[in-house]
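Undergrad: Quick one: the structure is below, and I'll ask about it shortly.
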Number of protein chains: 4
Amino acid sequence: MFVLVNLKTYPCDPLEIATAVRDVDETTDARLAVAPQAIHIERVAETGVETWAQHVDPIEHGSNTGHTLAESVADAGAVGTLVNHSERRLKLADIDGAVRAAERADLETVVCANNPEQIGAGAALGPDAVAVEPPELIGTGTPVSQADPGVVENAVVAAENVDDDVSVLCGAGISTGEDVTAADDLGTEGVLLASGVAKADNPRAALDDLVEPL
Amino acid sequence: MFVLVNLKTYPCDPLEIATAVRDVDETTDARLAVAPQAIHIERVAETGVETWAQHVDPIEHGSNTGHTLAESVADAGAVGTLVNHSERRLKLADIDGAVRAAERADLETVVCANNPEQIGAGAALGPDAVAVEPPELIGTGTPVSQADPGVVENAVVAAENVDDDVSVLCGAGISTGEDVTAADDLGTEGVLLASGVAKADNPRAALDDLVEPL
Amino acid sequence: MFVLVNLKTYPCDPLEIATAVRDVDETTDARLAVAPQAIHIERVAETGVETWAQHVDPIEHGSNTGHTLAESVADAGAVGTLVNHSERRLKLADIDGAVRAAERADLETVVCANNPEQIGAGAALGPDAVAVEPPELIGTGTPVSQADPGVVENAVVAAENVDDDVSVLCGAGISTGEDVTAADDLGTEGVLLASGVAKADNPRAALDDLVEPL
Amino acid sequence: MFVLVNLKTYPCDPLEIATAVRDVDETTDARLAVAPQAIHIERVAETGVETWAQHVDPIEHGSNTGHTLAESVADAGAVGTLVNHSERRLKLADIDGAVRAAERADLETVVCANNPEQIGAGAALGPDAVAVEPPELIGTGTPVSQADPGVVENAVVAAENVDDDVSVLCGAGISTGEDVTAADDLGTEGVLLASGVAKADNPRAALDDLVEPL
């Protein structure tokens, strides 16, 4: 299982969480990574943790003031990027452009979407993975795998139907090892989570709990 | 073949073109329709021509000032709508929402996209059809079927691969009967066109030429 | 006082409300108008009521699929348009473009904004009027003039400071004659309202009540 | 005069240019600063150069995946930020929100706009400065002060009329000391420039030339 911890713009210490993710990664067969704010990528990557971006723009080098360039993300040490997170939704043509930009910079890609139809659409763009995150569950602590397991199962089917090389991750409400196991049982290959670790009193303990069943 | 004439916001007389489309439709086995500005839908539909919207928003009845409601479009006499035209690109979640809104109002849907990957994505959302329109060819008079036949063939394959109930249309640069024949030969079930008719000195003659080979 | 009834995409009968607005307008010194969906403008205008658009795009005649053209709005019988309503927010450059497009088509303009700073910004673009509508009050039934009279007074000052030819209207939560009087007392020259009339069991009675003190 | 060098997403070495800007700053009474990509802010700031962001989002700490947080920008060492650059245009309400976010983080703000009307609007939002940059001149090498001096003079008047505490900068096409002098003569207090330095064969020499007349 792949466990990707999205730090959003939470008021957490990105280096403290990065270090915890790195250390827990060494204790488990699971693959752990952290997605800090773009401005923190370089320092987070220097801890040795697997580092992801939260977003890249569908651009190349050039006149793009205020944008996030995939090449710069990769140069700073990231190995992958989220695209189209529900808090940073893009036009269809721009998701395509962002996935192409990420490929050009050798970044792995996870295209986020809200339901099985959109997961199929995301998979058709050829990312490495898609992540199904019903927006109404994000940040609630109720895992999608428990609130609505059908949406996860249907997302897995939708992605397979389009391109069975595209992995499916599951997000929204994941905070315990039990949630990760449930996501695994529903056929996904990983989870996205955020507040369950980033807002935990003890991020290290939260991560230990998450990977305990794996 | 389905021939959909998009009037955009051209300075043409929508009723004159609607009447021509209606009259030529009666002379051919092809299916002809016209997509006027929303504000003209009701009067255009009253001519008896098959009428489409250029866009609907991903909304329901409610507090949506300045939006286009699928139900109002249907009540005014339209039977279908474009979604995500390259001049009115939407976020992925909003294309999904617009297709769902159109279905709710019994409108047919054509999701537009720029390349085979995005065509696959559009098809995954379950519209009635997708239309491939490379933006660099729109309005040029060079038909996509001639400038880049591979993109059309690949779009047909991409849509079939995702959902073979979704028809593929071909847009950009179509203006002659030869272009329509070429689009047919490449495996599409129709064409989108705009300036070739809407800006023609004699729209009726342009339409006659378009359907002549069909 | 100017009383502009925004029908949004409410499930109301636009002609019934238009007729009521027209009839009540004849009973009062106040100026009443109605802003239906674009697709209803022509039929609403044919009732003889003063008709407004809810939005126009910053475009001219041309390749603008799915957009609302100021010239078409004016041809259909509208005499003015809202711009940048909180349910249809625009980029600053596009508010400027929409106001210019409306001027070109001889439409009056009301630029909506949320607070005194943005009201000043809207006034700087040279519309006929600005309307202050704190988004948190829209549709609540609590009038801005009562919940937060300071924001209205400051909006009046902000607009005057920039350009004292620009009128100030007041929206959000207006539903009674008392609210209209309060808005008048705070220095505004009119009100925007929506659900108070469009969702009323008896729109005519609601309108009579609104203009009763004027 | 304030000279702000925007590195956009050009394929330049941000540290090389930062160092040149810092060194030239010490040779002149002018105030020089550089605006790198967000991901480079921390390393650029460590050179000791005055560092700006190209954009901040209208957000606070929280669930804002893929956004740029003013606090993070300030913590990384930036002292100011551009807002609403023509390559990163924002909705009016979001320009207001971004200026407020920047103030909260003690960042200086320059709101960019295209013409005197929009400059007045930007000034009404209370930033530290506004910058007038006609988009058709950006990157052309033809300075706005030469191509269209009236737009600069009118921008100065428009900003003064709204709030004479707001400085006016001038962008687009600036590349020589002569351009800077012309901008000064037109009443501005600084210039934005980009390719003239960032794409120069010798950025240091380009900077020396820029500040030579000051």
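Heads up, the Cβ atoms here are built off N, Cα and C, so glycines get one too.
Feature list, courtesy of TrEMBL:
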- B:ASN6, B:LEU7, B:LYS8, B:ILE138, B:GLY173, B:ALA194, B:SER195: substrate binding site (BINDING)
- B:HIS85: active site, electrophile (ACT_SITE)
- B:GLU133: active site, proton acceptor (ACT_SITE)
Undergrad: Distance check, please: Cα of the residue listed as 'active site, proton acceptor' against Cα of B:LEU7 (substrate binding site), rounded to an integer number of angstrom.
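TA: So the Cα of B:LEU7 (substrate binding site) lies 16 Å away from that of the residue listed as 'active site, proton acceptor'.
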Undergrad: Go through B:ASN6, B:SER195, our binding-site residues, and report the one whose Cβ sees the most other Cβ atoms within 10 Å.
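TA: Result of the Cβ crowding comparison: B:ASN6.
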Undergrad: What is the interatomic distance between the Cα atoms of B:LYS8 (substrate binding site) and the residue listed as 'active site, electrophile', given in whole Å?
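TA: Distance between the two Cα atoms comes out at 10 Å.
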Undergrad: For the recorded positions B:ASN6, B:LEU7, B:LYS8, B:HIS85, which ones lie near chain C, with a CB less than 8 A from one of its CB atoms?
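TA: From B:ASN6, B:LEU7, B:LYS8, B:HIS85, the ones near chain C are B:ASN6, B:LYS8, B:HIS85.
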Undergrad: Please name which of the binding-site residues listed here, B:ASN6, B:LEU7, B:SER195, is nearest in space to B:HIS85 (active site, electrophile), Cα against Cα.
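TA: Out of the listed candidates, the nearest Cα belongs to B:ASN6.
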Undergrad: Please state whether DSSP places B:ALA194 (substrate binding site) in a helix, a strand or coil.
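TA: For B:ALA194 (substrate binding site) - judged by DSSP and reduced to three states - the answer is coil.
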Undergrad: By a simple count, how many Cβ atoms lie within 10 Å of the Cβ of B:LYS8 (substrate binding site), its own Cβ left out?
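TA: I get 27 for this one.
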Undergrad: Where does B:LYS8 (substrate binding site) sit by DSSP, helix, strand or coil?
TA: coil
